[in-house]
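These come from TrEMBL:
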- 82-102: transmembrane segment (TRANSMEM)
- 114-132: transmembrane segment (TRANSMEM)
- 158-306: domain 'Palmitoyltransferase DHHC' (DOMAIN)
- 208-228: transmembrane segment (TRANSMEM)
- 269-290: transmembrane segment (TRANSMEM)
Amino acid sequence: MGMQWLLVCHGLITLLVVISFLCGQWPIFQGTFIERIHYFLTFGAYDYFQRLVGAVFGSKGTNFILSIEYFCCDRPNPILQILYVAIIGGIYYMIANSCFSYMPGYYLSGAHRYISLMGVVVGILFFILTSFSDPGIVKPENVLQYLNAYPYDEVLYKEKECTTCKIPKPARSKHCSICNRCVARFDHHCGWMNNCIGERNNRYFLGFLLWHLLLCLYGSVAVALVLAGRLKELRVVYILTVYYGIENTFRDLAPHVVQWLLRSYNTQILLMIFLAIVSLLLAGFFGYHVNLCLTNTTTNETFKWQEHLTWQKKLNEARASAAALKASISDLRMEAKPPESKWKAFFRKSPLEDAVEAIAKQNTYNKGWFSNLGEVIFPFSSRPSFSQTKTKAG
């Protein structure tokens, strides 16, 4: 029973941490312990650790921590790449060590030993492609082509020069402070890839997300089928009903079957739950990036739109205040509004949703989902017309 309660507690704590980390800033969680856990995970823990080091070791310890932070967060480094290889290698080893001995089984053939290996290899290939391919670096040699490929919309992007690279800055590009280079159609800098995600490698990044989503789903289903096969092969249900006199109903059998599985196959169950949780996270992340592709926008542009809308809102409020003062509206009584319930706040539009709507209405780069998807799969810089631009100009 001790192991069973340990697994239950592990699952509940994992779920609490995931929800707090991902959703702790939602309006419904304001003022709750979930918001406090989110703050602790994202800022508080590191802040307390930094203070502790400063109190024990003084300024030298603090400077050492800051230098590590600079290396890990502000400079290109392979730490997360190594961690990815360790995670995928460790998970595959655990699955092979705990499940391959049951293949072939009642539901799975022995071919799944090789199918799973091929799946991991393909995932690593996508990882290598995304990590080491050119994200679309803007150089003096190709800046003219990118200027012609992406015209300025005069809303988010206006003609200007990159102060670091000293070259004209094409629309939709950004100078990455970590990589110290301008990247065309910049989406974000991915620490897991130790590379920027931009015009040329966004397709590989999407392939990486989709493949790992399918790989995690396949892994969780395969482990579940291994466990179901063991139930059949060992005739657990038959033994429980015939020898222990348990009624052959789901309600009566389920607790005993779960108890037996937790006692005999706890490693496989942990792997299955872990892969299922990662699948959900990857599904959300992949869906978000697919939506960006279909609307021909980027993560960077989504936040730029959010900032633009916030600035417009403040500007409109300032104009309204000025108009009210000029009209000398001093006799208007402001009725006190009841506090908004957390459930209403939960369903209220977030600034990010407003940004998405603004993108749909004002995004001049949106050419329809078919053309938008083609721009990601076949980026401008890979087309023959892109290289001909410089020839025509010359």
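Glycine residues also receive a Cβ, built from the backbone N, Cα and C atoms like all the rest.
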Could you count the residues of the domain 'Palmitoyltransferase DHHC' (158-306) that DSSP puts in helix, in strand and in coil?
91 helix, 14 strand, 44 coil
Same-chain residue ranges lying at least 6 outside the transmembrane segment (114-132) that approach it to Cβ under 8 Å:
81, 84-85, 88, 92, 95-96, 190, 193-195, 197, 201, 204-205, 207-208, 211-212, 214-215, 218-219, 222
Taking only the residues in the domain 'Palmitoyltransferase DHHC' (158-306), give me the average pLDDT of this model.
93
